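Colleague: Starting off with a structure, shown below.
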Amino acid sequence: MNKPRPSKKPLQKSRPRAPRPEPERIVDDGDIGMNARLAALTLIDAALEKRTGFDEAVTRSDFLSLNDSERGFARALAMLVLRRLGQLDYVIDKKTQKAPNDGVWALLRIGLAQIGFMQVPDFAAVSTTVKLAEREAHTRPFKGLINAILRSVIREGGLNTPLPSRLAPDWLFQRWKAAYGEPNAEGIALMLTEEPATDLTFKTAADLERLKDELQGTPLGGLALRSALRGNIAEWAGYGQGVWWVQDAAASVAAGLLGDLTGKTAIDLCAAPGGKALQMIAAGGDVIALDRSRNRLKRVEENLVRTGLTAEVVMGDAETWEDTRQFDAVLLDAPCSATGTLRRQPDVLWATRPTDIAKLADVQHRLLDSASGRVKPGGSLIYCTCSLEREEGETQVVAFLRRHPDFAIKKPDDATVIALGVPVESVAAQGWLRLLPHHRPGGQDGFFIAHLVRQNG
Ligand SMILES: C[S@@+](CC[C@H](N)C(=O)[O-])C[C@H]1O[C@@H](n2cnc3c(N)ncnc32)[C@H](O)[C@@H]1O
C-alpha cells in the first residue's frame with residue numbers, strides 16, 4: 001500500500017485541542033457493518049495509489065455491488081480519512097512507539113476518523129475496527145494495540161489537532177511556503193479540513209436575484225452564489241429550469257474577465273464539463289466547446305440541454321486541432337495538478353507527485369503556444385489552472401510572454417475586481433490573479449488566472 005505516512009521523527013508541538021468538529025451526516029451504529037468499512041479501506045488505498053484512483057474505484061463492480069447505505073458510508077468514511085489524513089497520521093504517530101505495519105495503520109485511520117468526525121457510536125467504531133483486524137494474519141496480532149489506541153483517543157475526548165504544516169503532504173506544504181510565505185501555506189493547509197459549500201453560476205443576474213433566498217444563497221460577485229443547501233442539487237430551485245450550474249466561485253472569475261461577449265466568437269479549448277463555456281455563451285458569445293474526452297463532452301452536452309444554451313461541441317485535441325479560425329476570446333483552462341481543489345479532492349492532493357507537476361507544466365506550455373495562434377489580433381486569451389503550483393501559473397505565463405511578445409497581460413481594473421467579487425489579495429501586481437483557497441471567507445478553489453491580450457497588427 002502506498003501511503004504518505006510520517007516517519008518516526010521527533011514530533012512538532014501540538015496545538016491545544018480544537019472543539020470536536022461537526023460530525024459527518026451519515027449515522028451508523030454498527031449496522032452498516034463490515035462491508036462498508038472494507039470498501040472504505042479499498043477506496044483509500046486506491047486514492048493514495050494514483051491521482052485517478054478514487055474515481056476509478058467507485059465505478060468498479062465490487063463497489064457498485066454494495067447497497068446504497070454501504071456505498072454512502074464507505075465514500076463518506078474514505079473521503080473523511082483523505083481530508084484528515086495528515087491529522088490522523090499525526091495522532092497515530094504520536095500514539096505508537098514504533099510504526100505499525102501498513103494494514104494496522106490503515107485500520108487505525110478509519111477507526112480514528114469514525115471516532116473523531118462521524119456520527120458513529122464510539123463502541124461501534126472500536127468493535128468494527130477490531131473485528132476487521134481479526135480477519136488478516138498481519139493485523140490479528142495487533143488487535144490489542146488498535147483497541148487500546150482507539151479507546152485512549154475516546155478517553156481524551158477526540159483527536160489532537162496538529163500544526164497546519166502537518167495537515168497537507170509535506171513536500172507540497174514546503175512549496176507553498178516557498179511560493180507564498182508560511183502564513184499563506186498554513187491558510188491553504190487548513191482549508192483541507194473544510195467541507196466546501198456548493199457555489200452556483202447563474203445565466204442572468206435576474207435569475208440569481210429571484211432564487212437567492214430559496215437557495216439560501218450568498219451572492220459572491222458576478223453571477224456566482226454560494227448556497228447553504230446540502231443534498232441532491234437536482235431538487236434545488238432553478239435546477240430543472242437550467243438557470244444555474246455548479247461551479248466554484250474562483251472558477252467563475254476566469255470567463256467573467258471576458259465581460260460581455262455579444263457579437264463575439266469564443267472557444268473553450270478544454271471545455272468539459274462546461275462551466276466556463278456556459279458562462280461565455282450566457283455572456284452572449286458564439287462559442288465552441290472543445291475537449292478531447294468523448295465521455296466528458298457528454299457532460300457538456302447534458303449541461304447545454306439543461307440550460308437551454310447552445311454551442312458548437314467539438315471532440316478534438318487542443319494542441320493539434322486543425323482549424324484555422326481565430327477567435328475574439330480563447331479560454332485555456334488547462335489540465336493541471338488540481339492542487340487548488342484540495343477541499344473538494346483531498347485524494348488528488350495526496351496522490352500527486354513532483355513529477356506530475358513537471359509533466360503537466362510541459363503540456364500546458366504546448367497548449368498555450370497552440371492556443372495563442374487561435375486568438376484574433378486584439379483578442380483575449382484567458383489562461384487558467386486550478387493549481388497552486390507556480391510552474392503551472394506564474395512561471396508558465398512569464399515564459400509565454402517571452403516567447404510571444406505580441407501578447408501582453410491585461411490587469412483587471414478595480415471595477416472588474418469588485419464586480420466579480422475577486423478578493424483584493426488575489427490580484428497580483430503583475431496583473432494576473434492568484435486566488436488562494438483561504439482568500440475568500442468559507443474558502444474557494446485555488447486558481448491562477450491570466451488575461452492575455454494579443455496586440456493589433
Ligand atoms: C480543468 S478541466 C476543464 C474544465 C472546464 N473548462 C470547465 O470550466 O468546466 C480540463 C479538461 O481538459 C481536457 N483536456 C486535457 N487535455 C486536452 C487536450 N490536449 N485537448 C483538449 N482537451 C483536453 C480534459 O478532458 C478536461 O476535460
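For all residues, glycine too, the Cβ spot is worked out from N, Cα and C.
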Colleague: Among Asp248, Asp328, Asp333, which residue does TrEMBL annotate as binding S-adenosyl-L-methionine at the site that also has Cys270, Ala271, Ala272, Pro273, Gly274, Gly275, Lys276, Asp291, Asp317?
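Modeller: S-adenosyl-L-methionine site check in TrEMBL: besides Cys270, Ala271, Ala272, Pro273, Gly274, Gly275, Lys276, Asp291, Asp317, the record includes Asp333 out of Asp248, Asp328, Asp333.
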Colleague: At the level of the C-alpha atoms, what whole-angstrom distance separates Lys276 (S-adenosyl-L-methionine binding site) and Cys386 (active site, nucleophile)?
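Modeller: Spelling it out, the Cα of Lys276 (S-adenosyl-L-methionine binding site) and the Cα of Cys386 (active site, nucleophile) are 13 Å apart.
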Colleague: Ten-angstrom check, please: count other Cβ atoms within 10 Å of the Cβ of Cys270 (S-adenosyl-L-methionine binding site), all chains counted.
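Modeller: Taking all protein chains shown, Cys270 (S-adenosyl-L-methionine binding site) has 23 Cβ neighbours within 10 Å.
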Colleague: Count the Cβ atoms, other than its own, that fall within 10 Å of the Cβ of Asp317 (S-adenosyl-L-methionine binding site), considering every protein chain shown.
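Modeller: A count of 13.
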Colleague: Run through the Cβ atoms and count how many others sit within 10 Å of the one on Gly274 (S-adenosyl-L-methionine binding site).
Modeller: 27
Colleague: Please find, for Cys270, Ala271, Ala272, Pro273, Gly274, Gly275, Lys276, Asp291, Asp317, Asp333 as listed binding S-adenosyl-L-methionine, the greatest distance between any two Cα atoms, in Å.
Modeller: 19
Colleague: Grab the pLDDT values for the domain 'SAM-dependent MTase RsmB/NOP-type' (176-455) and give me their mean, rounded.
Modeller: 97
Colleague: Can you check what DSSP calls Cys386 (active site, nucleophile), collapsed to helix, strand or coil?
Modeller: coil
